[in-house]
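A short write-up of the structure that comes next.
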Amino acid sequence: MEIFFTILIMTLVVSLSGVVTRVMPFQIPLPLMQIAIGALLAWPTFGLHVEFDPELFLVLFIPPLLFADGWKTPTREFLEHGREIFGLALALVVVTVVGIGFLIYWVVPGIPLIPAFALAAVLSPTDAVALSGIVGEGRIPKKIMGILQGEALMNDASGLVSLKFAVAVAMGTMIFTVGGATVEFMKVAIGGILAGFVVSWLYGRSLRFLSRWGGDEPATQIVLLFLLPFASYLIAEHIGVSGILAAVAAGMTITRSGVMRRAPLAMRLRANSTWAMLEFVFNGMVFLLLGLQLPGILETSLMAAEIDPNVEIWMLFTNIILIYAALMLVRFGWLWTMKKFSNRFLKKKPMEFGSWTTREILIASFAGVRGAITLAGVLSIPLLLPDGNVFPARYELVFLAAGVILFSLFVGVVMLPILLQHIEVADHSQQLKEERIARAATAEVAIVAIQKMEERLAADTEENIDNQLLTEVSSRVIGNLRRRADGRNDVESSVQEENLERRFRLAALRSERAELYHLRATREISNETLQKLLHDLDLLEALLIEENQ
């Protein structure tokens, strides 16, 4: 019962956190607000204690969030920026683990080399969800954000695999060699991607089977879609490959396989709204859980530091700043090196980095905030070695990782708005132009289809449709489509006409809705009739509002 009440409290806090953020006299990013609320609830005054199980956390929260990110990731842009993404998600992770690992070993007393590599490994993954939370959607230029999102999708796996190697060496269950580690990583990565593809393909086949035998029942199909990331993750982990990459691959496969395109309309509409709600709750839970762990981490670490002769308490805090500064320096240096390398050796087909200014490199550097994967990874480090001794400096690893997470978020909140001032984010006029061209092209195809259908119906004696009525209806529909097709030639007039028509339609829909409630209040229609007609109006209004965004 206690677990049930804890889940209810956390869900309530997540739902109210957005409201609290908006009514605050000063602006606080939602992730920081949720972390602060979590820390406040875990303080002894309130005493909300939630036991953090890293393995359960990785299974419960990470697969659906990464699946959703993979689902939303534009596959074309991801493939176009493949060199940039893998340069950050693989090469930079290796550089970070080695470089920062040696730095921690040299400057932080009491942390041996292998645990230092473990800490560097958990600090290597970046968090695109936290980044969007602290700067807002659409604030970072698209050419930068696309690469950062792809990096965050991939470096979770490379960072956790590096952590796995470091812990295995520290536990004495593995002898590290560069060749062995490379082969193991390739096996884990490629196997995870293949597992995600296969599970997603099986999901598509099962949907077609269910539609054939059980009808288009959206509830069943959405539940199966919700289970898909968990199935991908668990199956991949069971066979010894990357569950994280499997969840990402499953999400990206959904967009390319045509599963959603062939799905029934009701399923697509409900799936989108359901996933939007789940993303909000799960993202909020992640940051709330991070906040709930902070008081315990702080108390445990300070108590352990007091009895550790090699550590001064003030050194723990200065080491956080030092490690974060080193992470930023390595990241900036790597991006700068990639820029110079691209301009020098890849002149025929340069990487995106080649066109970045120093300011854009700084944005990408400070955008490398740390988040949930880092916390889950460091807390998954075992308490004891196989011989029963305590894992070396574990409390320092946990404290430093948590500190770097918070410090990276705070620095991002301060620096990114400054760097993003007066920067060109996206060419909205170009996007509107593309949308108008696409709508005009589809309208022309639709006109041809209607003309063919009109000819077929006129020739079909079994339809028994009056020719005058057939011509009148088809002409009306074709006329609406023709205006859309001609709109690309007079863009300004077309935009004004569309906006005016949308305003008229919205006004009409809202008056219809008010009248339906009046008819139900006067008992002229039943509640069932009201709900059916309201559903139709809601779909039309959602379409009109979506077009305006």
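Including glycine, each Cβ sits where the backbone N, Cα and C put it.
Per Swiss-Prot, transmembrane segment is recorded for 1-21 (among others), and the stated evidence type is sequence analysis. Residues 27-30, 33-34, 37-38, 41, 48, 50, 280-281, 284-285, 288-289 of the same chain sit 6 or more residues outside the transmembrane segment (1-21) yet have a Cβ under 8 Å from a Cβ within it.
Look at Swiss-Prot and you will find 28-48 (among others) tagged as transmembrane segment.
Per Swiss-Prot, transmembrane segment is recorded for 50-70 (among others). Remote same-chain partners of the transmembrane segment (50-70), defined as residues 6 or more beyond its termini with a Cβ less than 8 Å from a stretch Cβ, comprise 6, 10, 42, 128-129, 149, 152-153, 156, 226, 228-230, 232-234, 243-244, 247-252, 254, 275, 278-279, 282-283, 285-286, 289, 292-293, 372-373, 376-377, 379-380.
The transmembrane segment annotation in Swiss-Prot covers 85-105 (among others), and the record cites sequence analysis as its basis. Long-range Cβ contacts of the transmembrane segment (85-105) within its own chain (Cβ-Cβ under 8 Å, at least 6 residues beyond either end) map to 78, 111-113, 116-117, 119-121, 123-125, 147, 150-151, 153-155, 158-159, 162, 166, 323, 326-327, 330-331, 334, 338, 351, 400.
Residues of the same chain lying 6 or more positions beyond the ends of the transmembrane segment (106-126) and with a Cβ under 8 Å from any Cβ of it are 92-93, 96-100, 148, 151-152, 155-156, 158-160, 162-163, 165-167, 169-170, 308, 310-311, 315, 319, 322-323, 327, 367-371, 373-374, 377-378, 381, 391-394, 396-397, 400-401, 404. Positions annotated as transmembrane segment by Swiss-Prot, on the basis of sequence analysis: 106-126 (among others).
The transmembrane segment annotation in Swiss-Prot covers 165-185 (among others) and is backed by sequence analysis.
If you look up Swiss-Prot, you'll see 187-207 (among others) marked as transmembrane segment.
Within the chain carrying the transmembrane segment (222-242), a Cβ under 8 angstroms from the stretch's Cβ atoms is held by residues 59, 62-64, 66-67, 157, 160-161, 187-196, 199-200, 203, 206-207, 210, 249-251, 254, 267, 270-271, 274, 278, all 6 or more beyond its ends. The transmembrane segment feature in Swiss-Prot is assigned to 222-242 (among others); the stated evidence is sequence analysis.
Marked as transmembrane segment by Swiss-Prot on the basis of sequence analysis: 278-298 (among others).
Among the features that Swiss-Prot reports, transmembrane segment is placed at 310-330 (among others). Listed as Cβ neighbours of the transmembrane segment (310-330) (distance under 8 Å, sequence separation of 6 or more from its ends, same chain) are residues 92, 95-96, 99-100, 103-104, 107-110, 123, 301-302, 365-366, 368, 396, 399-400, 403-404, 407-408, 411.
The transmembrane segment feature in Swiss-Prot is assigned to 361-381 (among others); the stated evidence is sequence analysis.
Annotation comment: Swiss-Prot describes 398-418 (among others) as transmembrane segment, evidence class sequence analysis. Residues 29, 31-32, 35, 104, 108, 119, 122-123, 130-131, 134-135, 139-140, 290, 293-294, 297-298, 300-301, 316-317, 319-321, 323-324, 327, 362-363, 366-371, 374-375, 377-379, 381 of the same chain lie 6 or more positions beyond the ends of the transmembrane segment (398-418) yet place their CB under 8 Å from a CB of it.
Distant neighbours of the transmembrane segment (165-185): 97, 112, 114-115, 117-118, 121, 158, 381-382, 385-386, 391-392; these residues of the same chain sit at least 6 beyond its ends, with a Cβ under 8 Å from one of its Cβ atoms. Stretch with the most C-beta contacts under 8 angstroms to the transmembrane segment (361-381), considering only 28-48, 187-207, 278-298: 278-298.
Remote same-chain residues near the transmembrane segment (278-298) are listed as 10-11, 13-15, 17, 30-31, 34-44, 48-50, 52, 57, 61, 64-65, 68, 129-130, 133, 226, 371-372, 375, 379, 398-399, 402, 405-406 (criterion: CB distance under 8 Å, separation of at least six residues from the stretch ends).
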